[in-house]
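Chemist: So TrEMBL lists these for the protein:
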type    : residues                           : note
BINDING : B:Cys28, B:Cys30, B:Cys96, B:Cys99 : Zn(2+) 1 binding site
BINDING : B:Cys49, B:Cys51, B:Cys54          : Zn(2+) 2 binding site
DOMAIN  : B:21-168                           : domain 'CENP-V/GFA'
There are 2 protein chains.
Amino acid sequence: MAHINLHPAINHGFKPTDENFSGGTLKCHCARHPVEVIVQAQTMHNHACGCSKCWKPAGATFAIIAVVPREKVSVIANPEKIKIVDESATIQRHACKECGVHMYGRIENKDHAFHGLDFVHTELSEQSGWSAPAFAAFVSSIIESGAPVSQMNEVRSSLNKLGLETYDCLSPALMDVLAAHTAKQKGTYHA
Amino acid sequence: MAHINLHPAINHGFKPTDENFSGGTLKCHCARHPVEVIVQAQTMHNHACGCSKCWKPAGATFAIIAVVPREKVSVIANPEKIKIVDESATIQRHACKECGVHMYGRIENKDHAFHGLDFVHTELSEQSGWSAPAFAAFVSSIIESGAPVSQMNEVRSSLNKLGLETYDCLSPALMDVLAAHTAKQKGTYHA
């Protein structure tokens, strides 16, 4: 782990979830007039994500991302600085035009299993107590962003040592949710 | 495991790979004039697959599928009974028109990471010694084909008891191969 920067928020371990925590404010990296987003609930399903689309701080191999009901997410300062990174993506990432930080990701497709949940990076908040990461997803995808193939064993074992199971898609619980949603749409669902 | 039919070839355990085995002949299920395919090599990466496209014997929840270099695969009897199930699929599954059994799957896209490897079901062979299954892939996908969500814990633990790690995509080794191939195409590859 010495020479792999997984993510500053987990490289040296992390605090457990504060069960009494109920939200906070996310700020972009701009020194002046930062975009501010209030999240009025504890987050769920926080995890390290190796996909190429999630925002990562400089030098980090993984993003840390959680979800929260979209109605709990509101922009409270400098909304004019926000742009959507890719309108055609399933998750529309609302980012600061100036510093590039992603403030929240939103799914507008009402037929998607995760519609109603926004994706947020709680490292952008000064508060502590947010849900702790519980697994690492899309681990193999870091290769696509330039991570050396020869380091993959070390990356997976470093994540495991932090208590994070590693998956090359999402976790089994979330993959089952996605498959169940598809089954309902196809008419093949069985409880 | 008592009431979940994972697949007849693994429900009650399976033999290890015979390191000296060098191939055999696959036959479709037709009683008369079966399609026959000779595979002149040992298979690789044999695994249980929960995807909805792989052929499964009646009642089985998973397919058992392995790969072998395409030049080692030849149709030796009743080729006129073969049709491609879906010409537009990445893997073109060559099946018997009469009994529906898939004889081999072939990737014609030369840019695909697995181009050059055919997918075969060695249960169609009378020979024993083929490579043993080593993991289970696309496990959550069985929900899309009608497996009850409430049985998923039991399915995964039954597979684990057989010595098969469960993944909701492919195994980490194969996912890394796919990601490395994508990285090479994007120009982001690092060994």
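These residue numbers are counts, starting from 1, taken along the chain as shown.
Glycine is treated like the rest: Cβ placed from N, Cα and C.
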Chemist: Specify the count of other C-beta atoms within 10 Å of the C-beta of B:Cys30 (Zn(2+) 1 binding site).
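Modeler: Counting Cβ neighbours of B:Cys30 (Zn(2+) 1 binding site) within 10 Å gives 16.
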Chemist: Ranked by the number of other Cβ atoms within 10 Å of their own Cβ, which of the binding-site residues B:Cys28, B:Cys49, B:Cys54 ranks first?
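Modeler: Of B:Cys28, B:Cys49, B:Cys54, the one with the most crowded Cβ is B:Cys49.
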Chemist: Sort out for me which one of B:Cys51, B:Cys96, B:Cys99 has the most neighbouring CB atoms within 10 A, since those are the binding-site residues we care about.
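Modeler: Result of the Cβ crowding comparison: B:Cys96.
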Chemist: Would you kindly give the Cα-Cα distance separating B:Cys54 (Zn(2+) 2 binding site) and B:Cys96 (Zn(2+) 1 binding site), rounded to the nearest Å?
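Modeler: Cα of B:Cys96 (Zn(2+) 1 binding site) to Cα of B:Cys54 (Zn(2+) 2 binding site) measures 14 Å after rounding.
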Chemist: May I have the list of same-chain residues other than B:Cys49, B:Cys51, B:Cys54 whose Cβ is within 8 Å of the Cβ centroid of the recorded Zn(2+) 2 site, in sequence order?
Modeler: B:Gly50, B:Ser52, B:Lys53, B:Lys56, B:Phe62, B:Ala63, B:Ile65, B:Ala137, B:Phe138, B:Ser141
Chemist: Starting from the Cβ centroid of B:Cys28, B:Cys30, B:Cys96, B:Cys99, which together make up the recorded Zn(2+) 1 site, report each further residue of the same chain whose Cβ lies within 8 Å of that point, ordered by sequence.
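Modeler: Nearby residues not in the site list: B:Lys27, B:His29, B:Pro34, B:Val35, B:Lys81, B:Lys97, B:Glu98, B:Gly100, B:Val101.
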Chemist: Round to the nearest Å and give the CA-to-CA distance linking B:Cys51 (Zn(2+) 2 binding site) with B:Cys99 (Zn(2+) 1 binding site).
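Modeler: A Cα-Cα distance of 20 Å.
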Chemist: Whole-number answer please: how many Å between the C-alpha atoms of B:Cys28 (Zn(2+) 1 binding site) and B:Cys49 (Zn(2+) 2 binding site)?
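Modeler: Here the two Cα atoms lie 19 Å apart.
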Chemist: Whole-number Å only: compute the distance from the Cα of B:Cys49 (Zn(2+) 2 binding site) to the Cα of B:Cys30 (Zn(2+) 1 binding site).
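Modeler: If we compare the Cα positions of B:Cys49 (Zn(2+) 2 binding site) and B:Cys30 (Zn(2+) 1 binding site), the gap is 24 Å.
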Chemist: In Å, rounded, how far does the Cα of B:Cys54 (Zn(2+) 2 binding site) sit from the Cα of B:Cys30 (Zn(2+) 1 binding site)?
Modeler: 19
